[in-house]
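Under the heading domain 'Tr-type G', TrEMBL lists 5-279. According to TrEMBL, the feature GTP binding site maps to 14-21, 89-93, 143-146.
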Amino acid sequence: MNETNRRRTFAIISHPDAGKTTLTEKFLLFGGQIQVAGAVKSNKIRKTATSDWMDIEKQRGISVTTSVMEFDYLPEGHEGKPYKINILDTPGHQDFAEDTYRTLTAVDSVIIVVDSAKGVEMQTRKLMEVCRMRNTPVIIFINKMDREGRDPFDVLDELEQELQIHVRPLSWPIGQGQKFKGVYNIYEQQLNLFTPNKQRVSEKVETDINSNDLPKHVGESGASQLREDLELIDGVYPEFDVKEYLAGTTAPVFFGSALNNFGVQELLDCFVEIAPSPQPTQAEERMVEPSEPKFTGFVFKITANIDPNHRSCIAFCKVCSGKFVRNQPYRHIRLDKTVRFSSPTQFMAQRKSTVDTAYPGDIIGLPDTGIFKIGDTLTEGEDLHFRGLPSFSPELFKYIENEDPMKSKQFFKGLEQLMNEGVAQLFVNQFNGRRIVGTVGQLQFEVIQYRLEHEYNAKCRWEPVHLYKACWIEADSAEDLENFKKRKYQYIAKDIEDRDVFLADSGYMLSMAQQDFKGIKFHFTSEF
Ligand code: G4P
């Protein structure tokens with residue numbers, strides 16, 4: 001395996017509390033990145049490991065930042081170079097959904113964690129939409145089988161309906177809750193018996209599903225139920241085809257309990273085998289193959305002030321092709337400037353260290369002195385622009401005002417920086433010059449206020465503005481556009497890229513505008 005082929009870059013996504021953090025932690029255990037005996041409470045990793053950098057996060061106990069964890073892993077019985085796993089962590093809280101969407105632009109596949117009792121929840125549905133937009137291959141892990149949950153067939157039906165994807169179970173639970181006996185690994189044709197509370201121990205039994213031994217392990221009723229279920233599965237679901245998985249049309253499904261570390265290794269082993277290695281990346285100019293010799297990469301995430309002692313930002317850059325080398329000159333396309341990085345970092349479970357080289361699929365942290373925006377491209381010289389994910393029209397809007405006139409420099413600098421990081425969207429009303437911040441959740445307003453104060457020493461004040469949607473507008477005829485802007489002058493704004501935006505204060509106003517101005521195209525995402 002070459003450097004690119006051995007890499008697996010993915011995100012674990014879920015509705016909050018389904019078990020994403022717990023599963024991530026178990027993966028790190030297998031990768032030898034952390035050594036913890038016994039079940040570690042999921043919050044622990046949030047409080048000690050890399051995913052919890054910002055004060056506000058600690059206060060609220062939610063993951064605001066997206067961090068990266070990498071480790072090597074070689075499944076038992078395999079020889080040669082290990083796989084290099086890059087897990088991109090995502091905030092679970094829905095108010096930071098945009099952050100997660102952006103992270104999904106940097107992964108080659110995802111694992112979705114679903115709570116067996118709760119089934120598909122709102123956040124999972126939204127995240128799956130983004131995966132579908134990008135045809136990202138998906139594996140589903142049905143978690144918490146040690147608890148009473150729903151009938152697994154019902155859960156599978158719900159997954160198909162709600163997530164609009166075909167599913168194919170590759171493991172199957174034998175009982176659940178108190179009666180949970182283990183899983184049958186359909187992929188490996190192996191029975192794994194569950195021993196509660198014993199970490200990293202699961203008894204694997206090689207047994208034919210038709211063998212007379214089966215009842216010995218799972219009881220008479222367990223055995224007959226399992227045989228019946230497997231027959232039904234074979235009847236209902238087509239055989240697993242890895243091509244359909246890679247195309248993003250079929251999701252293999254695993255069952256287990258992350259907390260008890262059960263079914264996790266099966267998931268990980270199958271994952272490294274079938275999940276895609278780094279894929280080509282679409283730039284505006286052309287498709288960029290990971291095997292190309294020259295380095296290219298793009299920034300998908302900027303995090304400020306990871307270390308409170310050094311008030312600096314880190315830009316997370318995904319390597320798309322070639323080899324990144326420390327101290328080499330690279331071209332920052334948007335600024336048309338040569339940049340060098342003397343201390344790029346890579347991320348391990350509990351620390352980060354300087355990295356000398358990185359390959360496609362890797363995520364490197366570049367110290368950012370304010371030169372990066374989300375979506376920026378770095379190359380060895382070629383004019384390339386990687387396509388990011390568009391901004392979606394925000395759901396909530398407020399006027400932002402500078403509360404302390406003596407600190408206006410700090411205020412504007414902080415605001416600009418936070419918008420470049422993609423914390424929220426800023427629109428400047430062309431009529432009255434007031435600034436409007438748009439977010440997907442209330443919490444983002446609080447984050448902005450908190451960070452302006454703590455990182456930029458500036459104070460802001462929010463004032464209500466009644467808005468329904470912000471739509472990006474364009475027209476084939478410049479005259480039509482000018483006419484529209486003149487007629488609606490009170491509702492026209494610019495975004496930070498200087499694009500025209502129409503601020504509609506009601507659904508009625510928007511549909512009237514659409515009706516009356518046929519020459520104007522109204523877009524609900526920023527890329528069209
Ligand atoms: P998240 O990152 O998706 O938000 O979920 P997280 O891993 O934090 O897990 C949420 C809760 O579910 C945690 O309990 C965790 O211990 C529990 N959990 C995770 N996997 C399993 C499982 O397989 N079986 C059972 N029974 N529980 C599981 P908590 O009480 O919210 O937190 P903590 O106090 O235990 O840390």
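Quick reminder: no glycine exception, Cβ is built from N, Cα and C everywhere.
Within the set of binding-site residues (Ser14, Asp17), the lowest number of other Cβ atoms found within 10 Å of a Cβ is recorded at Asp17. For Lys20 (GTP binding site), the Cβ neighbour count at a 10 Å cut-off comes to 25, with all displayed protein chains included. All protein chains included, Met145 (GTP binding site) registers 26 other Cβ atoms within 10 Å of its own Cβ. The Cβ of Thr90 (GTP binding site) has 28 other Cβ atoms within 10 Å, all protein chains considered. Taken in sequence order, the binding-site residues Asp17, Lys20, Thr90, Met145 that lie near ligand 1, meaning a CB under 6 Å from one of its atoms, are Asp17, Lys20. Under the three-state DSSP scheme, Met145 (GTP binding site) falls in the coil class.
Classification of Lys20 (GTP binding site) by DSSP places it within a helix.
DSSP assigns Ser14 (GTP binding site) to a strand segment in the three-state reduction.
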